[in-house]
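Residues or ranges marked as domain 'PLAT' by TrEMBL: 1-106, 118-233, 624-743, 754-871, 901-1019, 1032-1157, 1186-1304, 1327-1445, 1458-1573, 1586-1704, 1717-1837, 1854-1970 (among others).
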Amino acid sequence: RGAGTDANVFITMFGDYGITPKVHLTSKSRTAFERAKTDVFRIRTHNVGPLKKIRIEHDNTGLSASWFLDRVVVTDVIRPHLRYYFACNNWLSKVEGDGLYVRDLLGSLDAMEIPKYNKYVVSVFTADVKGSGTDADVFINLFGEFGDTAERRLESDKNNFEKGTEDKFTLDAPNLGKIRKITIGHNNKGSSAGWFADKVVVEDLGNKTVYDFPINRWFAIDEDDGKIQRDVLVGGNQPTGIVYNVHVVTGNVPGAGTNSKIHIVMHGTKGLKNSGKVFLEGGHFERGLTDIFKVEIAALLSPLSRVTIGHDNGGLSAGWFCEKVVVYCPFTGIEQSFPCSKWMDEKEGDGLVERELFEMVSLRQKRQKKYPWSLWIWTSDIPSAGTDAAIFFQVYGEKGKSDEIKLDNRSDNFEQGQIDRFVVRVELPDFGTLTKLRIWHEKRSPFAGWHLSKVTMLKTLTKDKYKFHCGRWLDTNEDDNEVVRELPASGDLISEVTICTGTVGGSGTDASVFLNLIGDLGDTGDRQLVNCKNNANKFEKGNLDEFIIEAVNIGRIRRVRIGHNGKGGGCGWFLDKVLVREEGQAEIQAYEFPCGRWLDRNEDDGQIVRELVPFVEGQRLYNVNYHIAVKTGNISGGSSDSNVFVKLYGEKGDTGKMMLLVSANNLGNYFETGRIDIFTVDTFDIGQINRLMIGHTNEGMRAGWFLDSVQITVPLQGKQYMFPSHRWLDEDEADGKTEVEIYPSEILDTEQLVNYEITVVTGDLAFAGTNARVFIQIYGDNGKTEVITLESRSNNFERDTIEEDVFTVTAVDLGPLKKLRIRHDNSNSHSTWYLDRVEIVDIKEDMTYYFPCNRWLAVDEDDGQIARELVPVDEAFMKKDEEDEEGAGPTLGLEQKSMSTTYNLKIKTGEKKNAGTDANVFAILFGENDDTGLINLKACKTHKNKFEQGMINEFTVEAVDLGDLEKLRIGHDNSGGAPGWFLDWVEIDAPSQGQRITFPCGRWLDKAEDDGAIVRNLYPAELQTEFYMPFVPYEIKIYTSDEFGAGTDADVFIVLYGCKGVCTQQKHLCVNKRERRLYFERGAEDMFIVELEDIGDIIEKIRIGHDNKGINPGWHLDRVEIRRQLRNGKGSETTIFPCECWLAKSEDDGETVRELVPSDIITQKLLRGGTLKTTETEVEDALEIHTYKVSVRTGDMNGAGTDANVFLTIYGDLGDTGERKLSKSEKNKNKFSRGQVDKFTVEAVDLGQVFKIRLRHDNSLMGADWYLDQVEVMDVDTDEVYMFLCERWLSMKKEDRRIERTFYVKVKLNRNQKSDLYLVSVLFSVIPYHFTLSTGVDREASTTARAYVIIIGPNDVETDRLWLDLPDGKKSFAVGSMEHFVCYGTDVGEMKRVELGHNGATPESCWLVDELSVAVPTKGIKYIFPCKCWLAKDRGDGLTARLFNVLDSSTIGINRKVVYSVTVATGDTQSAGTDTNIFLTVFGANGSTEEMLLQKNEDRFERGQEDTFSLEIDDIAPLKKIRLRIDGSGCRPDWFLDRMIMRNLNTDEVFEFSYEDWLSRTKGTRRTMKCELAAVVDEEEMVEKTTYIIQVKTSDVGGGGTDANVFLILFGEFGDTGSLSLKESTNRNKFERNMKDVFRFPDMLSLGELSKVRVWHDNKGPAPGWHLEYIEVKDEIMDETFKFPCDRWLAKNEDDRQIIRELACANNDNIDLSEKTKYDIAITTANTDNASTSENVWIVLEGRKARSKEFLLENKKKKFLCGATDSFEFSSKHLGEIAGICIGHITKDGKKVKGKSFWHVMEVVVTEKELGNKYFFNCNAQIPLAAKKDQFSTFECYKSVESFASKVRNLVPIKYEIIIITGDVKGGGTDANVFITIYGVNGDSGKRHLQQRFRNLFERGQTDRFVVEMLDLGELLKVKVEHDASSSSSGWFLEFVEVTNTANSVTTIFHCGKWLDKCKADGQIYRVLYPRY
């Protein structure tokens, strides 16, 4: 009684090849694991070989968790004869039996065998120490060579684990072999949980062995190292522990946190090793928090295969939402991410409280490897030797040094007398042999003094041991007053240091000064300079202060790092230099380290720490600038008052710990929430940075700090490093760390720079100094610098006899310097400046350049200039010949225009509140050759009031030879009332370069926002750059005639045409009204220089016209001259186009557009002598002007005429007419009336062969709608007539609502045979990829950026970037939306990775991707990638593209598709075209497709047209027939179909389908909207026509007849008939009781052998219930009758209430499968050298029912030759479905094999002869020759083809249980009618309505169960679930569908997890789901 359980049950299987993950035994049954019940589960997991044991357990949830398990039987589904029995016969319960609810069961192939278990006696000794006992629950896990026992609670009747006691326990477990280690710990429960364990002794009774485990450590949170769980190795109390850093992230969803105890199990490769259950004690596990733990395991598991995480379901709110787990192992340097994003809550989702998590491989990171060390510290045994201070140490080795490590310990250590052996576990990188150890303490505590005896270090892996003897005080009052000691592994060094303070006013300091000497072999660390030898008052003006530094030998001293703490009143300090010499050396041998700079926050560059280099090596310029931008998280309480430090690690060394005290952007209060602080650090070159350490000193009121990210820019390396952090550095948050190591997520290449030292000398004249801001720009052979502001925190450019100001500038390598430009901005009073000279030192070349000036830079002195260009003296440099031309007017000469580039700038101000600015905006464009200098953006082309919110402002900039644009600097001067500006983006269009470049910004330029910058450098977004054909300049001269009224105010435009109809865009010559008034006056000659498309060397014609607007629009044009440069640039060519006629409505023929042809060409060439040669030639073969008569016929139907203005463009192969208004009909005054023909004349230059026209109207006036019947164009000059059949509406209300259409000429060869863009490329291994993208539901999840995908296969073969362009009308990937895309790309083979990204580069374009699915229909596979990550510059790790590994995806098998080219020919009959919906169903020998909609794509299916497009169709070839159906929608519902051709692009098979008739309700002879067409291959029809006679017998049962309408579908070999309505019966009153009704269906395509009938009725009429006895179907062509017995009700109130039945064909029952059958075996030998064999082959077939005997394939008549296929036939018993084969290669006579001999088999095909089922085995293997049958290879079936006869045999009625689980989300339920269609290998179920009486179905979080009877569908392939959206709240969130075949208890689960809602996700109300196992 009470044996059943409602807990979640799990199983883990242990086999010879590995261990499976823990598998949840889920059941659709609510009564699983009930008393005396057997439950069957089908699970899919990896093959672990023969099973040895299983572990079965439950999670103890539910009301009655206790479970009495009898036994478990495991069957290998592929090899059903392998069945393992695991006897249990015991409780799994916390309260019953022995209290275990996890059991290991040994297995056997014999059901009667009882395996033997082992017994282990565990003795636990608690130490005799005060408080050593515990009340907590103690757990143990024994680990042996054959596995582990799992966690066992040690409990007995007595009070266990008391002080000084021994407790014994007995454990039953399978034999573990030799025991290697134990894990022992407790759960920290009870009032006194702390426990001091002495040792554990384990006695193995079965193997008669005793194991000793000494421990002698605390298990307590407040003692020792704070651990309550330890791994202990046999015989040793010092395990080689591997530390794992475990980050557990709790989700940010309501109620996510938990009070339960969390545990984790880490599994090694293949799951063979595991950590055992580790309890994560001390974590918060609160919503949105990350908890960090250090887990120490005595085993190397990394890299992990998976982790198991769960909780004990205790506490008040036990449920927990886990986001992810991240595990980092310092020993291997591998960090792995295990996403979860699921509830562990028995009341949420699937009710699990423990989950197996698998790694997302694409997120794996490699870090620096670190090794475990142990450290012992001996405090001396003398009075007061102990210390209470915090101890720090640092280790140096041959290969580097460690970081500073704080000895963080909770017990009372470093006490005198106990000779404190303090053991510390630390991880350190490999430093080689250790050379020294530095140890010190914080002298803050009153009892800080400490006498250290010695330190010992042990590398725990190699057991290398180092001893460091000390025997000295570390005390400010003892010995030499030092608190730092260096303990050598080599000789000591004593250095004397002299600090020279400068003589400048106020140069002394009261701050604490520190110093670090850095040498070849290490450094001294930071030493406080306290004890001065010669001065009591240190660091005063002019002082020379001497200090002694004791250290281990550091080699030659290379650098000195000196600084102060910036505290005290006069802390600013001017340091002159530092002198360093070894003790005993002469002073002359001292190293001199010059400084000569301030260490003062308010002077110079504001730095208070400097690195100095020796004088002999050139001053301080060998240092490298590191710009460190630190972003504090935008989280409440995230800011810090503490001092922050950073340490950089590079390939050449590390920087040491640097305090970030003085920021470069000077925001005042540092490290505030959401702000970015930028610091500049000068130090030596450490090479490429591979990681950094950042932390804080934990001082101040609010020391805790939330660090978001760090960005480091190193100009001299040309690198920018991104370090994402997004974590707390706070003693009270996360893992309590206040410092952290971070690795770079991204390293970007920036410009590589070098250092220049600039000395500016102000002259010694009255008022020579300036208060203005000074700017400099340096030019060299290799380029020039940017404009650099010379400023520091000191007062610069003052007259001081001669004031020298020194600046260090980082700039590009300029090569030899040519000139410099220096200026000031004339701001502030006293801005006049007399500049004496500028000196520039190029450090790299060690050269000094002198630029003398000796002139004023002043508005009211000298020549009034405030800018000077200076050249170097005494150097043979050329002056630049010409100045850059600035401010040139718009009418540059053609040659100048060729040298210059016009840039059109579009500047978008953001949409944010207060985004606009009143400040003066400027920009500088940087190209690869030069920059524009500063451009004030004042002359806007679009708006007078510039830079307002949401506005786009346009500017034009002319520049000379910039090259390709590389950067844009934009900023403002911060003037005006509201200067803050949010800049969205800048777009620069350079027509002459053919580029349109976008520079994204998306940031504030505002002192009070973001990082406070008001100038930003923007870089091109590569993915947004558009390329087009570069434009060229044309000089156009317009000559207006000298006649009365010849001038015009209208807007004049021009179009230029080259050969073959190539033309420019239409260019308007005037920009605004002012220009229109100025130009085109009587007798005027106007010149325009315009950039237009390059149309080639010959201008065939031009079109010039105007818009007829203005006061005097009429214009008399004399001629047009167009001049262009010759291709080589040496000369030009002018083409003259005479006109001499009016362009006026009131003159001549009323035309305002003229086409002109050239008369003369004038060429000017520049000869070698510099003279200009002019030649003039007449154009002889110019095109002629032709007259075209256009007849337009309006249709004869109601409302066909139009009053709108109509426009026509005619296209020929030589060009086009341009758009002409059809204004004057030659036949009718009221043009375009119903049934009318209107004629117009169009004059144009010869168009050649006319092939298309474009017509549109402007939709003006009341009756704008127009039905156009046809257009005829006649070329009067050649008498050629071109006919255009239209038959379409041009209307905003009718058809497809278009008022513009293109029509192609009516000729026999269809010019408009449209073909799919991809059909050509499909032939070149291009395949379709289907993408579905789900955007997250976060408020800012959406993006307007353009997304793309790249598919990557083996060997990094990848597709092009596949852009996912949204359909028209959609502007963004909206929040919560789901978008579908189909792209064609290269077939990369097996997909390995997928890159998803977008081209957005601004913070505004952030995108949260929830899920990406990639389906490859041609391979029948779909990958679902759970993303749940940001693609954003300012979110997550800052990446806008992400690589997903296929290993992280869920893989689903979908229907394999083949790409067909489909050609649809519409008939050439009046009104043959259609805009109705056309549906196609294709039937083949291997199944049928679903109904597919053929897309109209605007102009398909028009009269006389052939449309070719690609279509993905299920792999069902060869095709037999198609069914076409129209739904009669649209304005033109009728369609005349001529024929259809389908070509398989893989095999090139062609199938023709001919119809030549109407699909219409009203037209043609058939009056049908549906047709079936047989496939024709090589003029032979694949399916015959037949007549079906259907006899329906109603049963002789009371009320058996029906008044409802009855329908049926016949299914057979060649598909189905579609729905047949049983209307015309032999009886007038159909379906009456005990009556037979006969129905005749002539002209049907035969289905061959019939398999089943689906019959149903519509439940209408007064008595719809119907009892059907049988249906008989006769096929007249085959002369065969098929019987389908039923004898069931089809009624809503009888039987099972179904009104649809599927009836199997009874004819097939007579096939009697005998015991024996025959198998045909076809073996193909590979077509390679030496593939054949002359020996015999043997084979064994392995079926699901049985195994065959060995068949010998004798090699008699030269069989198994290269490339040959040999067939053999054998009799055998029935084996069932064949799953595998064994093939061997054996000698003929059993003789021994000499040497190695192989036979290369390619493929084996096995055919079962009786039913005709085929099984394919892809081998491609070399089989070695052997003398015996003990060597063979096994292969599994990769494809099977079931015959029709076999499928029909399986058609038996089966009840399917369907479980629908509605998601537990807001609004998840639906009131709509829900339908399901199930698809299996035997066909589909038809659409079934899911309904139940008296139950409200499909409510939120509800599970609904239905039982439906159907014919056996076989293995289920997919389901389609849909609803009819029939209610107001019809939106539905479907979680799961489970379908169980009740006959074999096989459950197939279909996961959905998506909305079926017209307003959510993708708006679909149906989903096709594929199974997941």
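Here, residue 1 is simply the first one shown, and the rest follow in order.
Every residue gets a Cβ built from N, Cα and C, even glycine.
Keep in mind that TrEMBL annotations are predicted by a computer and have not been checked by a curator.
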The domain 'PLAT' (1854-1970) - residue tally per DSSP class, helix then strand then coil: 0 helix, 64 strand, 53 coil
Whole-number mean of pLDDT values that fall within the domain 'PLAT' (901-1019): 87
DSSP-assigned states of the domain 'PLAT' (754-871) in counts, ordered helix, strand, coil: 0 helix, 63 strand, 55 coil
Winner by Cβ pairs under 8 Å against the domain 'PLAT' (1186-1304), considering only 624-743, 901-1019, 1032-1157, 1327-1445, 1717-1837: 1032-1157
Candidates 1032-1157, 1327-1445, 1717-1837, 1854-1970; stretch with most C-beta pairs under 8 Å toward the domain 'PLAT' (1586-1704): 1854-1970
Whether the domain 'PLAT' (624-743) meets the domain 'PLAT' (1458-1573): three or more C-beta pairs under 8 angstroms: no
For the domain 'PLAT' (1032-1157), residues assigned helix / strand / coil by DSSP: 9 helix, 61 strand, 56 coil
Ranked first among 754-871, 901-1019, 1032-1157, 1458-1573, 1717-1837 for CB pairs under 8 angstroms with the domain 'PLAT' (1327-1445): 901-1019
